[in-house]
Amino acid sequence: MLVEEDPGFFEKLSQTQKPRFLWIGCSDSRVPAERLTGLEPGELFVHRNVANLVIHTDLNCLSVVQYAVDVLEVEHIIICGHYGCGGVQAAVENPELGLIDNWLLHIRDIWFKHSSLLGEMPEERRLDTLCELNVMEQVYNLGHSTIMQSAWKRGQKVTIHGWAYGIHDGLLRDLDVTAVSRETLEQRYRHGISNLKIKHINHK
């Protein structure tokens, strides 16, 4: 199919990669990064894990980020969660799943951190809001990594975005926590949390 559309596709692909984007997303099979963004092979560097977490002890994720920022010099990093995330739901329901329970503790920490906001919400909105909060917290985590702090300090132009994908409608939603520096990271994080609180008040 690809060769029929572009006979030189694989020859061009084998030469090099110069993606402008790094995608950090969930492992969920219903969230295909290239298809959602409309990008072709070679245009998007991808890292996926359960519930799209960026953890400072996760050498796998941080190695991908460092390679993307320092070597590939990507211009944009997109952290994309999705509504109805099984990892987020499992963290809330707290079933005994084995090894992954340790991984999901990071989401439970987010749940407890924002329990005053989440506890006031009706159950049908609580999970989706936690999915959004999870993305915001991962943007914040990534922005505070030594990789991003060093990149911004040396003047490298790399932007972190936080998105949420709706599997039910196919829409990508910008959560408005876009950061281009340490200063904007703090500002946009507080702005994003404030927006969720206002949204909750308006739904009452």
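Heads up, the Cβ atoms here are built off N, Cα and C, so glycines get one too.
Within 10 Å of the C-beta atom of Asp28 (Zn(2+) binding site) sit 19 other C-beta atoms, taking all shown protein chains into account. According to TrEMBL, the Zn(2+) binding site annotation covers Cys26, Asp28, His82, Cys85.
Following the DSSP three-state reduction, the secondary structure of His82 (Zn(2+) binding site) is strand. Other than Cys26, Asp28, His82, Cys85, the residues of this chain whose Cβ falls within 8 Å of the Cβ centroid of the Zn(2+) site are, in sequence order, Gly25, Ser27, Arg30, Val31, Ala51, Asn52, Gly81, Gly84, Gly86, Gly87, Val88, Cys131, Tyr165, Ile167. Within the same chain, residues at least 6 positions away in sequence whose Cβ sits under 8 Å from that of Cys26 (Zn(2+) binding site) are Arg48, Asn49, Val50, Ala51, Asn52, Cys80, Gly81, His82, Cys85, Gly87.
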